[in-house]
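Visitor: Handing you this structure, nothing more for now.
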Amino acid sequence: MERLVIRMPFSHLSTYSLVWVMAAVVLCTAQVQVVTQDEREQLYTPASLKCSLQNAQEALIVTWQKKKAVSPENMVTFSENHGVVIQPAYKDKINITQLGLQNSTITFWNITLEDEGCYMCLFNTFGFGKISGTACLTVYVQPIVSLHYKFSEDHLNITCSATARPAPMVFWKVPRSGIENSTVTLSHPNGTTSVTSILHIKDPKNQVGKEVICQVLHLGTVTDFKQTVNKGYWFSVPLLLSIVSLVILLVLISILLYWKRHRNQDRGELSQGVQKMT
């Protein structure tokens, strides 16, 4: 009696695939992750950047560096053996305010424009080497707004100026008929930008008593600045010239009358003196 034996070939491809899948799972499970968060803070206020090592690996030292064009610059380190060590260039400017080898926080006491940029936190871990994360700090300046108006010869100029960092945007909330708008942008050495918008209103009398609204957009927030145009005094050039000419004429007539009066008085006194002598 013959027996039929079927031999199944061993699949090397399936074995290799299984090995690669298992290796990928292990690597993903063991992958080290550093969690950071970018911050935006106002100029000349404190600011903090945080880093968190999201695994159970043991860190030996934590280093904070500032990213620069050529190479990162060491700022401060922390370890259990040496504590906090701040580089001379950053003394009295920063400190590590959360001491730990898993979670670390640096704080700037009074941020300036030079502090804006990106920073790296490096965890020197046992078995994984240096694991880094990056957090960026953005510095902003709140808008300083000026709103005023001025009557000219035959029109009304309303000016709204906003200075901030980053550059603000200026809008108007007024009727558009008979109104022209011009905008000028100026960058300052301190990093702020001024945006000045001027409304040219051709019929100023119709704007008297009405409210003008200047809207400033900065960092996603719109703020309204309001002002009511009060009655002003404006003259046309011909009218102004006529008034000036009339005033000059009156002054000349007054001088002439004054001169004639004194002349007559002098003649009268002279004639009286002659009569007495005779």
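Each residue, glycine too, has its Cβ placed from N, Cα and C.
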Visitor: From the list CYS28, CYS51, CYS214, which cysteine is recorded by Swiss-Prot as disulfide-linked to CYS160?
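Guide: Checking Swiss-Prot, the candidate bonded to CYS160 through a disulfide is CYS214.
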Visitor: With CYS121 as one half of a disulfide in Swiss-Prot, pick the other half from CYS51, CYS136.
Guide: CYS51
Visitor: From the candidates CYS28, CYS136, select the one that Swiss-Prot records as forming a disulfide bond with CYS118.
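Guide: Swiss-Prot lists the disulfide between CYS118 and CYS136.
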Visitor: Counting across all protein chains present, how many other Cβ atoms fall within 10 Å of the Cβ of ASN103 (N-linked glycosylation site)?
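Guide: Result for ASN103 (N-linked glycosylation site): 15 other Cβ atoms within 10 Å.
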Visitor: By DSSP, how many residues in the domain 'Ig-like V-type' (31-141) are helix, how many strand, and how many coil?
Guide: 6 helix, 66 strand, 39 coil
Visitor: Work out how many Å separate CYS214 (disulfide bond) and ASN181 (N-linked glycosylation site) at their Cα atoms, rounded off.
Guide: 12
